[in-house]
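Report on one structure; see the data block that follows.
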């Protein structure tokens with residue numbers, strides 16, 4: 001156990017520790033209370049009103065005491081003032097007073113009565129009598145003077161004030177520069193005395209120039225002189241200013257035009273870039289006029305069939321050669337143009353295929369063959385043979401110039417007028433075997449005219465009497481058969497040739513060349529519903545058309 005301390009331990013003082021004592025806080029004075037007392041001690045001020053200004057003007061105008069003007073005492077009652085006003089109004093009224101100043105005197109009388117009959121305004125007038133009017137030390141004095149000035153006087157006063165203010169500003173600028181120069185000079189002198197830093201020679205030269213430039217304001221620095229000098233200089237420089245303005249306007253116009261041209265070129269370039277594909281201009285189609293046949297030699301019907309066959313064979317060979325050489329390939333655009341032209345020139349229009357060929361820039365044969373191919377590819381009528389099959393058979397049969405029979409696939413079916421069907425004549429036993437083997441396949445019906453020709457009996461002697469002929473049944477049947485044949489030929493001649501029949505005729509002419517046996521009979525068998533005479537007549541017509549085309553080209 002430790003013994004208890006007899007004396008408490010003493011801490012070292014602040015000075016022993018080396019600490020600086022804090023300064024005592026400053027005494028707090030009640031500044032807020034002082035400000036409040038000052039504000040409360042300020043007396044309320046009263047501003048001047050329009051009534052006061054009118055009263056000041058009336059006092060200056062009358063130049064007399066209002067009580068003396070009415071002839072009453074200053075402490076008179078309102079009744080005494082009213083009586084005095086009535087008496088003076090009877091004497092000073094303009095109708096009874098012939099004096100020149102009667103109107104002004106009567107107006108002053110009314111104004112004095114209006115002031116004295118009101119207690120408040122009378123009290124203000126009594127204060128003016130004691131204290132007098134406001135003097136130059138009060139702002140209302142100048143305000144009253146300015147109110148009475150005209151516009152010209154106000155403008156002159158304002159101009160004088162501005163002139164004085166401008167001159168004072170000029171002097172203030174001069175004095176400020178002088179002060180700056182003086183301070184800078186003192187600094188330079190101090191630097192020279194101390195010698196701590198070298199003084200720059202260029203700065204000294206600049207300070208000397210500034211001293212020379214500093215000049216006291218002269219009379220021509222006044223505002224009126226400055227305005228006059230500025231006006232003269234503007235008049236002198238006015239032509240140059242106008243010229244500069246014209247040049248500036250011309251440059252502005254040129255820039256605007258250039259901007260417009262640039263904008264147009266940009267828009268054109270943008271449109272050209274946007275146009276990916278330029279549409280072809282539609283050609284102007286000439287009005288089709290059929291060729292006049294007056295200058296074309298008519299067909300000589302006296303020519304032999306051999307000459308006609310030679311001409312037709314030459315024409316077919318030339319047409320095939322030109323088609324192989326000149327016919328370009330058909331593109332999708334050409335096909336679409338062909339369909340549009342076929343819609344534009346429907347069937348029945350004169351010179352339809354010539355117009356379509358002129359529009360496409362191709363030959364008539366090329367256009368017709370392509371149109372036929374399109375029709376065959378879309379639809380194929382029952383009972384007819386496809387042109388592609390016929391062409392393939394023709395091309396395969398060309399190198400072999402021997403007369404061969406058509407295969408069963410290419411044999412067309414047809415019905416005669418009476419609806420009687422007969423099998424084709426076959427040579428020998430092989431024909432009978434083929435007919436037995438091909439019963440399931442489509443079989444060609446034999447025309448009625450061939451049956452009639454085979455079943456027809458040989459003509460008897462022409463010297464038989466007419467009476468006996470009338471009673472002969474065979475002769476009557478023969479005459480009726482001849483009439484029916486004539487009617488059928490006339491009907492078939494009247495029927496128009498279709499495109500399929502025309503194509504079959506052309507293919508048959510190529511398949512059975514000139515010199516083959518029974519050529520026209522075989523050709524007539526290939527063309528449905530057409531006889532041998534019809535095929536020959538059509539052949540002659542085609543030859544005539546070829547001759548006309550050759551003459552037209554030459």
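Cβ from N, Cα, C; glycine included.
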Between 184, 363, 492, which does Swiss-Prot record as phosphoserine?
492
Based on the annotations in Swiss-Prot, which residue of 463, 479 is described as phosphoserine?
479
Among ranges 91-111, 112-132, 133-153, 154-174, whichever one Swiss-Prot labels transmembrane segment:
154-174
Within the same chain, where does the transmembrane segment (154-174) have neighbours whose Cβ lies under 8 angstroms from its own Cβ atoms, ignoring anything closer than 6 residues to its ends? I mean 6 or more beyond.
146, 214-217, 221-224, 226
